[in-house]
Amino acid sequence: MAKGTVGLFDSGVGGLTVVREVSVILPGKRVIYFGDTAHVPYGDKSVDELLSYAERIIGFLCSQGADYIIFACNTSSAVSLRLMRDRFQVPMIGLIEPGAAEAVRLSATGRIGLIATEATVKAGAYARAVSALNRNCQVFSQAAPRLVPLVESGESDTPKAEQAVREYLEPLREQGIDTLILGCTHYPFLRDVIERVLGPEVVLVDPAAATVRAARLDMLRRGFSADNPGAQGEQDTVSLRYFVSGSADAFRAVAGQFLGREPEPVTEICLLR
């Protein structure tokens, strides 16, 4: 079976929450990550812009050897995935369906909250995915446009971030949700703040782990090796290459806060300018 190389992309550092799950669920897998930091945030971009970004990034990832693509961005998953599957032969998976399935599984009351970018909320993909799984579940959606810029500027755990989180979550609290989908891969950077605001009675769903588990099963069905045990006694490692369309230094600084170390190597590439 082919070992394969996984390509992931997001508007910025948020997709690193998915890379982290790849390192656990797909040990030893070669990974190429593209952060489109020149165009972050994606939530206020038009459909045409999002399709253009996705097409160029996926083409680049494939040129670098990726033969399986994980959309590490909810906005692109909601807007671009279906069309990109038509344009490329490489298999792809997005965050929406696995995240919706996890929320339906965990919700006891069927009252599911969603915070996401404006584009993801407008696309309605999570509501459709949840309804397809269980028509008795309701999705209460809230766009949270200020959160991605806060994460990208390294302000995840600040009073400014907590004020914004409280503002966005209050309408969902009033709806009596028992489960909240973190509908943007940047939002796990804010997990501690969100948990403080909502308390333990609301379960948080990060679609990243469910998506990578689904990717692993899909790879096995397609004849890929889902991991790389290597030679006997060889420790599993994840081979990572990072590319960004904006500042490599800015990406390293914010990513280092999340990873506990600065990612290397990070290469700036003028792919989308």
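Note that the numbers count up from 1, one per residue, in the order the chain is shown.
Keep in mind that glycine also has a Cβ here, set from the backbone N, Cα and C atoms.
Swiss-Prot lists D10, S11, Y42, G43, N74, T75, T185, H186 with the feature substrate binding site. Around S11 (substrate binding site), a 10 Å sphere centred on its CB holds 31 further CB atoms from the protein chains shown. Under the three-state DSSP scheme, S11 (substrate binding site) falls in the coil class.
Residues or ranges marked as active site, proton donor/acceptor by Swiss-Prot on the basis of sequence analysis: C73 (among others). Its Cβ placed at the centre, C73 (active site, proton donor/acceptor) has 33 other Cβ atoms within 10 Å.
In sequence order, G14, G43, C73, N74, T75, I115, A116, T117, T120, A144, L147, V148 make up the list of same-chain residues 6 or more apart from C184 (active site, proton donor/acceptor) whose Cβ falls under 8 Å from its Cβ. C184 (active site, proton donor/acceptor) carries neither a helix nor a strand DSSP state and counts as coil. Annotation source Swiss-Prot lists active site, proton donor/acceptor at C184 (among others).
Of all Cα pairs drawn from D10, S11, Y42, G43, N74, T75, T185, H186, which the record names as binding substrate, the longest spans 12 Å. Around T185 (substrate binding site), the C-beta neighbours below 8 angstroms that are at least 6 residues distant in the chain are D10, G14, G15, L16, T17, V18, A72, C73, N74, L95, A208. Counting Cβ atoms from all protein chains shown, Y42 (substrate binding site) has 27 others lying within 10 Å of its own Cβ.
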